[in-house]
Every structure is written in C-alpha cells, then in structure tokens.
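Q: Before I ask anything, let me first share the structure, which is written out below as structure tokens.
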Amino acid sequence: MARIVMKFGGTSMAGMERIRNVAARVKHVVSQGNEVAVVVSAMAGETDRLVGFCKEASPLYDAAEYDVVVASGEQVTSGLLAMTLKAMGVEARSWLGWQLPIRTVEAHAKARVSTIETDDLLAAMASGQVAVIPGFQGMMDDGRVSTLGRGGSDTSAVAVAAAIKADRCDIYTDVDGVYTTDPRIVARARKLDLVTYEEMLELASVGAKVLQTRSVGLAMKEGVRVQVLSSFDDPTQEDLPGTLIVSEEEIEDSKMERQLITGIAHDKNEAKIIVTRVPDKPGAVASIFGPLADAAINVDMIIQNDSKDSEETDVTFTVPRADLARSVDILEALKETIGFRRIITDAEVAKISVVGVGMRSHAGVAATMFKTLADRGINIEAISTSEIKVSVLIDEDETELAVRVLHTAYGLDAPAA
Ligand code: ADP
Ligand code: ASP
Ligand code: MG
C-alpha cells in the first residue's frame, strides 16, 4: 500500500465525461489498496473566464476579492469529482482550502503555502475515504480565501504530498510527460523518461508551463517524488509511461545517456524596455532598478551598452508584460532624477532558453545557439545565462522557428516516424 497524491489539470477536468474518466483512474488506484488524495484544477478556460469578470468589474480590482472569485472554479470541480466517485461506489469527500485548512502567507493572488493541517485529512484517508482537494486555493491568517498564482494547482498537489508524506505525487495532464520542448510547437519533441529537479525548475521558470515553477522548487526542497502522466490514457493501465523528476545522482545511476541540452522553452510573457542615454556614472543603474524593485517588479534580462566614447549609456532590460505600463510610469516619473533621454518599449518579444546540466562541463552551447539563430536571420536582442541555461530575447514572430531550429541543432529531434 502506498499513499499517493493524484493531481488533475484543467483539460482533464473539463466536463463531466472527463471527470468520469478521472474518477475511473482514481478508483483504479484505490482498488490497488492505496490511500489517495486528489488535487483538482478548475475546468479548462474557467479561471481565465473568472479573471475576465474581475477585470470587467474594476481595472484596479482588489486582490483579496479577486481570490474569492477565481478560487471558485476549483470548488466546483472538487465537488463534482467527489460526487462522481461516490456514484461509482468509492468513498470520497471534498476538503476546501479553508476547511483543512491550507494556510498561506504573503500576497493575495500569488500566495505561498505555509502549513497544511493534516490530522483530519489523514484520519479520513486511513478510513478508506478519498480526499478531494481543490488546487490553487488556500486561506490567509485572517481567514480570507487566497490563491497561489496561475498554474498553482501543481503547487497545491506537491504541498499536500509533502504534508502527508506521500510516497508519490502524480501530476496528470494533457500530455504524457515532460518533453524536450513543448510538443504542441515541435512535433518531433521527445519525451524524457527522467529529468532532474534542477533542470525542471529551470525549464519551468523559463516558460515550460507543464509544471508551475514553485511546485518544482517545493518538490526539490521537500524531496517529493513527482511524476508527470497523461490523464487521457486507459484509466486501468498499469505503469503509465510518464516522466519522473529525480535527483542528479539517480540519473547518473540510471546510466542513461545524456544529451548536452535537456530541453528548450519559450516565454512570451516578457516585454523589453530600453532607457536611452543614461549618465554613465556610479549609481545610475541603481536609480533605475531600485524603484522597480520597490514596486515588486521583477527585472529579468539586463544589458548595458558600452559607452567608451561618451558619458552616456543605453540600458536594456525585460520585465513581465503585465508590468510594462507600470514600469514605464515609474521611470517616467523619475526622469529628472535618473537623467535619461527617453524610454523605448517592445512587448512583441519572446525569450528562448536552452537548459541542461551538461552545460557545466561543456563549452560551446551558447555559441551553437547564436550561430543557429544567425543562420536563420534571427536577431538576438538580449542574452542572459545561468550555470545550466542560456536565454536569448528575439522577435515574438520568430518564436516557433527559433525553437524548432534549436531543437534540431542540439540533436533533440525524435527519429522521423
Ligand atoms: P494542466 O491544465 O494539466 O495543468 P498545463 O496546460 O498547465 O496543463 O500544462 C500542460 C501543457 O504544457 C501541455 O499541453 C504543453 O503544451 C505545455 N508544455 C510546455 N512545455 C512543455 C514540455 N517541455 N513538455 C510537456 N509539455 C509542455
Ligand atoms: N485554475 C488555475 C489556473 O488556471 C490553477 C491551475 O489550474 O493550476 O491558473
Ligand atoms: Mg498547469
């Protein structure tokens, strides 16, 4: 017997037929003698619909009320799944975020899980009842409903798995694992049997939305065994061929032959800002980035152009697209203090990243990336790197082409069928 958390995403919960399929899978896992907690997302498209209502109600909506609205999608699916399970003869009940409770801290709309009370949950599970928990939602210290940021049900599932010391956290989604790149963009993407926590964390943070970044960080910290699986396979199939997230040692032990690059991701959620003719003197860059940090705006890629012949320099950087207007407002208000000439913005950009732990021991990964893009006439507007990642900023229109040619260049394409 094992204790298992099963998480089902939006597409898997979209409509009663799919919910019945999910229930059949849960029933199968229960019938094998396992204790099961299920974490569910809202039906696909529902959270977007609810966010739309909030924006319509007020452009400057209150984040606490936003949480009240958007958390409702998961309340619906958790109730429906519990009912469906019961109708199939499986004992089940829903446990809403505030009922357990799943306690959260920090800001509404992007809250972080602090603790989860598990006594009642474990007692119910031990009595043979399936616990159905709405993902994405929690409760602040003042008792108000909170949500964990978009894609947050993955994090709910990992947090529940850590709290109940589950043997496994199975993330069921609409693809059958983690691929070398988004299989909806590159038909010849290959499924990875194993991926390290570190690579998955990096891939998620640069746009591979198959898992929410925070869920991977939490799984790594808490040592939760995470598996990504398809919810569309036969619900009674054993050993579904998914992707297991493992430590680097486990990969080495598996003797799997590793590619230099593990995966490629793209992200269209950033925007570029160029602040021109900033005085080239100590403190100038701090006067730009300090106020943005104070406004909790995350700056990602940064380049400062060399200005050997002049006393001025151009500073280029990226911010989340959603924060572009606010960033410009903040900087324009400080024009005199910073002393720049003007601000140029471009929201039609995409960040393409290649990720792999092999980079630590091999040179030339970045050079291959630049040459491959240059050969296709794709211009690079900014670059950033980490120990296991190289990212470039390009024109949004060239996203798919860039991902495809890089996938081929790094030898990731699956053999032609
Ligand atoms: P869910 O609703 O189940 O949480 P998501 O839409 O959040 O599902 O995540 C699954 C999607 O992630 C897939 O449909 C796929 O298009 C996308 N994706 C992006 N990068 C990858 C990747 N490297 N491997 C697999 N899927 C990826
Ligand atoms: N329903 C939420 C969203 O769409 C959370 C999730 O599905 O993970 O962002
Ligand atoms: Mg998701």
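Cβ atoms are placed via backbone N, Cα and C, with glycine included.
Note that TrEMBL annotation is computational and uncurated.
What TrEMBL records for this protein is below:
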{"type": "BINDING", "residues": "Lys7, Phe8, Gly9, Gly10, Thr173, Asp174, Tyr179, Arg184, Lys209, Val210", "note": "ATP binding site"}
{"type": "BINDING", "residues": "Thr47, Glu74", "note": "substrate binding site"}
{"type": "DOMAIN", "residues": "273-357", "note": "domain 'ACT'"}
Q: Summarise the model's confidence over the domain 'ACT' (273-357) as a mean pLDDT value.
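A: A mean pLDDT of 92 is what the model gives the domain 'ACT' (273-357).
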Q: Where the criterion is a Cβ under 6 Å from an atom of ligand 1, which of the binding-site residues Lys7, Thr47, Glu74 meet it?
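A: By the Cβ criterion, which requires under 6 Å to ligand 1, there are no hits.
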Q: Which of these binding-site residues (Thr47, Thr173, Tyr179, Lys209) have a C-beta closer than 6 Å to some atom of ligand 2?
A: Thr47
Q: Roughly how many Å lie between the Cα atoms of Lys209 (ATP binding site) and Thr47 (substrate binding site), rounded to a whole value?
A: 16
Q: Roughly how many Å lie between the Cα atoms of Lys7 (ATP binding site) and Glu74 (substrate binding site), rounded to a whole value?
A: 12
Q: Under 6 Å from ligand 3 by C-beta, which of these binding-site residues make it: Gly9, Glu74, Tyr179? Sequence order, please.
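A: Cβ < 6 Å from ligand 3, in sequence order: Gly9.
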Q: How many Å lie between the Cα of Gly9 (ATP binding site) and the Cα of Glu74 (substrate binding site)?
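A: So the Cα of Glu74 (substrate binding site) lies 10 Å away from that of Gly9 (ATP binding site).
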Q: Across all protein chains in the structure, which of the binding-site residues Lys7, Lys209 has the highest Cβ count within 10 Å?
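A: Of the binding-site residues Lys7, Lys209, the most buried by Cβ count within 10 Å is Lys7.
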Q: Please give me the CB contact count at 10 A for Tyr179 (ATP binding site), counting all chains in the structure.
A: 25
Q: Using the alpha carbons only, what distance in Å do you get between Glu74 (substrate binding site) and Thr173 (ATP binding site) once rounded?
A: 16
Q: Could you state the whole-number distance in Å separating the C-alpha atoms of Tyr179 (ATP binding site) and Thr47 (substrate binding site)?
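A: For Tyr179 (ATP binding site) versus Thr47 (substrate binding site), the Cα atoms are 25 Å apart.
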Q: Taking the Cβ of Glu74 (substrate binding site) as centre, how many other Cβ atoms lie within 10 Å?
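A: There are 30 of them.
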Q: What is the Cβ neighbour count of Thr173 (ATP binding site) at a 10 Å cut-off, with all protein chains included?
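A: Looking across every protein chain shown, the total is 24.
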Q: Just checking a number: largest C-alpha distance across Lys7, Phe8, Gly9, Gly10, Thr173, Asp174, Tyr179, Arg184, Lys209, Val210 for the ATP site, rounded to a whole Å.
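A: The ATP-binding residues span at most 22 Å between Cα atoms.
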Q: Rounded to the nearest angstrom, how far is the Cα of Thr47 (substrate binding site) from the Cα of Thr173 (ATP binding site)?
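A: Per the Cα atoms, Thr173 (ATP binding site) and Thr47 (substrate binding site) stand 17 Å apart.
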